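S.K.: One structure, as structure tokens, below. Some questions next.
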């Protein structure tokens, strides 16, 4: 271990490059670098020279150059990354692991992997922009070099450098890369034909991956994923190539608790660097258009209280009466003490209103979706799932371990083709009624006909359609004949109904099965009877009074027309009926900048980013309500046009 204070030593960079010839062309044989104190220069030069001339290289060195450069700035001292091991049985499994990790950052992970395995040989690394797959290095044949780094823990660098230590040297290099501004992750496959390991550096942890290639394979490379909103490519390159760094011992390699902390901090930092961090806004008022938060007044265009029923006196009175009569808690699951007369009333009202024999009421729409799909699907079921389905539907498929086929959004031909190819015992088609990110209405009737022709079950999640579309607000299926209605209709009470909870509308057989076997129903505490009473009152209100539904639909039509005229949405979206309006923005950083500028103008609009939408396809998500006025909508359209045209013209793209 060095005894000198590293911040008071005049450090030197000692670099070695050895070249030979192969097929009459120059060939790189070996290269290494170390930062050393003056007293260690001689032994370092000797060690690097010994490495260059050592037998075993593919090509014999014909020229060895050793250069010495005194640093003009003090090196930064950082700890080495904690290390882990990912054992893979073969290159196929190892490369799938690379693809799985890459998919967190780039839309086409297989393309990024090809840079590692099939790209032209270069001594540096490829710099790839997260979210776009765009290559950023100035010279793709040279790549980005990582230089001017050394090992602060090495007591005899000359002897150490005489023989290459792949793992140790890779950890040092990766530690410097991970500390660079804007870097999210690094991936490496060694180009040494006889070194069959690679590494992934992400979330502040260096993971060695075994069997990334066959012995004798000379191909390899490195990819550094960066966030250009955090640092531009020139800044990142300059830091990697010129900023001196000394790497000390890992602070967490042998302490599990510290390792966990570092791992979690790394994940959080990577999430932040990708522009994905969110913070909740705290409300001091109800979800009215003219809302009040702890940051001040806000014109609200991001609430799902579409009809304003959360402040409807009849709903509130029903809840007040119930809390006095039945208490504030259910006290248990639905099969123990958690079912009250209020729960039965809510289920009866929902089923009668939406035209199904039974409704099964649960604590949230998310829970109802997962519980229903987990019950229906299993490894013997193929689920045909729309590409824009909500996370709760996706999670339900994962928990069920069903074979899931994702089809393009609202593509009936793709659904038909997928059903033709089903080889499992049963099939299930899964879609939303009104899509939660775009507000478009699914072609449910035609979809049901196709699915039933193949003997498949149809499940429709109409969380954003119930209460908002249809002549009387009964959702995307209201006008369909019985032959075109889905087998299972999922919904929520937390949006248009203005309360809480979720439900599945089903037949008698499935209702009984769910009440006995659906895990989200059996093993979760029941929603409060107060909530159930509010849901029953909200449904009863809508059965007898549709004026709020009409007001909402008029606002949606007006807003879509004005937004299309302002070129903020495509003409095709002007005629969609859903209360959610998708404003395409692009990069996450631009969506956040737009959201912040709108907030400064007093408007609260959601910036929807990965993982709710694809990386690089962020949107502003407008939610209309029955209580918005013509003036509110005019302010919205004008502000959006000004912000997206003017205030963000210089925002990162």
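Glycine too: its Cβ is placed from the backbone N, Cα and C atoms.
Pulled from Swiss-Prot, these are the listed features:
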BINDING   278, 390  substrate binding site
BINDING   365, 366, 436, 461, 462, 463, 464, 492, 493, 494, 495  pyridoxal 5'-phosphate binding site
MOD_RES   495  N6-(pyridoxal phosphate)lysine
S.K.: Take the C-alpha atoms of residue 436 (pyridoxal 5'-phosphate binding site) and residue 278 (substrate binding site) and report the distance between them in angstrom, rounded.
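M.R.: A Cα-Cα distance of 19 Å.
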S.K.: Within 8 Å of the Cβ centroid of the pyridoxal 5'-phosphate site residues 365, 366, 436, 461, 462, 463, 464, 492, 493, 494, 495, which other residues of the same chain have their Cβ?
M.R.: 304, 466, 490, 491, 502
S.K.: What whole-number Å value do you get for the CA-CA distance of residue 278 (substrate binding site) and residue 493 (pyridoxal 5'-phosphate binding site)?
M.R.: 25
S.K.: Would you kindly give the Cα-Cα distance separating residue 390 (substrate binding site) and residue 464 (pyridoxal 5'-phosphate binding site), rounded to the nearest Å?
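M.R.: So the Cα of residue 390 (substrate binding site) lies 11 Å away from that of residue 464 (pyridoxal 5'-phosphate binding site).
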S.K.: Would you mind reading off the Cα separation of residue 495 (pyridoxal 5'-phosphate binding site) from residue 390 (substrate binding site), to the nearest angstrom?
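M.R.: It is 15 Å, counting Cα to Cα.
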S.K.: How many other Cβ atoms are found within 10 Å of the Cβ atom of residue 278 (substrate binding site), counting all protein chains shown?
M.R.: 10
S.K.: So if I measure Cβ to Cβ from residue 493 (pyridoxal 5'-phosphate binding site) and keep only same-chain residues at least 6 apart in sequence, which ones fall under 8 Å?
M.R.: 365, 499, 500, 501, 502, 503, 531, 534, 535, 538
S.K.: Under 8 Å Cβ-Cβ from residue 462 (pyridoxal 5'-phosphate binding site), six or more apart in the same chain: what's there?
M.R.: 432, 433, 434, 475, 476, 477, 489, 490, 491
S.K.: Looking only at Cβ atoms, how many others are within 10 Å of the one on residue 464 (pyridoxal 5'-phosphate binding site)?
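M.R.: If we count other Cβ atoms within 10 Å of residue 464 (pyridoxal 5'-phosphate binding site), we arrive at 30.
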S.K.: How far apart, in angstrom, are the most distant Cα atoms among the pyridoxal 5'-phosphate-binding residues 365, 366, 436, 461, 462, 463, 464, 492, 493, 494, 495?
M.R.: 15
S.K.: Taking the Cβ of residue 495 (pyridoxal 5'-phosphate binding site) as the centre, how many other Cβ atoms fall within a 10 Å radius?
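M.R.: Counting Cβ neighbours of residue 495 (pyridoxal 5'-phosphate binding site) within 10 Å gives 24.
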S.K.: According to DSSP, which kind of secondary structure is residue 365 (pyridoxal 5'-phosphate binding site) found in, if we only use helix, strand and coil?
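M.R.: DSSP call for residue 365 (pyridoxal 5'-phosphate binding site): helix.
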